[in-house]
Amino acid sequence: MRQKKIKSATIENLASEGVIVEIQKLKLDNRKRFLEIGSGKGQFITAKAKDYPDDLWIAMEVNINVCYRILEKKNEMQLDNLIIVHGDAQYLEQYFEADSIDGLYLNFSDPWPKKRHHKRRLTSPSFLKQYCNILKQNAFIQFRTDHLDLFQDSLEYIEPYLNIKSVDYDLDESPYMTEYEIKKRALGPIYQLIGEVEKHVEENL
């Protein structure tokens, strides 16, 4: 869906509010660190940051307009434990050191249904290799979607890289849902898998 253009959503305005707008290695403190890629308008990650104030939360979003919406929520909720990155996940390793992230959330990312576009999926092997690099040993990836074909394909993508801990084909409601999930729940099931990182497994691929 095309997002409505927000006049105030400029690189300059985001940068002036502390949003990371250039590719750079992030200097993170020693708290537990959790990353959401494709944070949308930020309902999921701001709720997490509010309820877990001792942890560090990082929202990565490529769309500048919805990135601005995350910033609005952050300011309204006064979340000093939330970092916002306006950037593209294909450059993930240029933002994060190896073994630096405790958990990764992928919520309702673009399914890219055409086969020629499957490599763009955030669960595709090229992205999974990056995730395994920046995630710590025994860190987790939680993937949630309403797109069954993407979910089934992602199970195949993920199996060589992660120890799959749970698979749910009809996920119950939780306190932490995106705006998109809330709308889509009335239309059908929500799928979720959680996998645990096992370091060095990717070296054999």
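Cβ atoms here come from the backbone N, Cα and C positions, even for glycine.
Pulled from TrEMBL:
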BINDING   Glu36, Glu61, Asp88, Asp110  S-adenosyl-L-methionine binding site
BINDING   Lys114, Asp146, Thr178, Glu179, Tyr180, Glu181  substrate binding site
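Where TrEMBL records a feature, it is marked here on the structure.
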| residue | record | CB count, 10 Å |
| --- | --- | --- |
| Glu36 | S-adenosyl-L-methionine binding site | 24 |
| Glu61 | S-adenosyl-L-methionine binding site | 27 |
| Asp88 | S-adenosyl-L-methionine binding site | 14 |
| Asp110 | S-adenosyl-L-methionine binding site | 13 |
| Lys114 | substrate binding site | 8 |
| Asp146 | substrate binding site | 19 |
| Thr178 | substrate binding site | 22 |
| Glu179 | substrate binding site | 15 |
| Tyr180 | substrate binding site | 18 |
| Glu181 | substrate binding site | 21 |
Note to self: If I take the alpha carbons of Thr178 (substrate binding site) and Asp110 (S-adenosyl-L-methionine binding site), what is the distance between them in whole Å?
What the structure shows: 14
Next item on the list: For Glu179 (substrate binding site), just give me the three-state DSSP call.
Entry: helix
Next item on the list: Give the helix, strand or coil assignment DSSP yields for Glu61 (S-adenosyl-L-methionine binding site).
Entry: strand
Next item on the list: In three-state terms from DSSP, label Glu36 (S-adenosyl-L-methionine binding site) for me.
Entry: strand
Notebook entry, point to check: Can you give the largest Cα to Cα distance in Å, as a whole number, for the residues Lys114, Asp146, Thr178, Glu179, Tyr180, Glu181 that bind substrate in the record?
Noted result: 25
Notebook entry, point to check: How long is the line from the C-alpha of Asp110 (S-adenosyl-L-methionine binding site) to the C-alpha of Glu181 (substrate binding site), rounded to the nearest angstrom?
Noted result: 13
Check: Taking the center of the Cβ atoms of Glu36, Glu61, Asp88, Asp110 at the recorded S-adenosyl-L-methionine site, which other residues in this chain have a Cβ no more than 8 Å from that point?
Finding: Ile37, Gly38, Ser39, Met60, Val62, Asn63, Ala89, Ser109, Leu122
Item checked: C-alpha spacing of Glu61 (S-adenosyl-L-methionine binding site) relative to Tyr180 (substrate binding site), in angstrom -> 15
Next item on the list: Find the shortest Cα-Cα separation between Asp146 (substrate binding site) and the binding-site residues Glu36, Glu61, Asp88, and name the residue that gives it.
Entry: Glu36
Note to self: Can you give me the Cα-Cα distance between Asp88 (S-adenosyl-L-methionine binding site) and Lys114 (substrate binding site) in Å, rounded to a whole number?
What the structure shows: 21
Checklist line | Whole-number Å value of the largest CA-CA distance among Glu36, Glu61, Asp88, Asp110, listed as S-adenosyl-L-methionine-binding | finding: 14
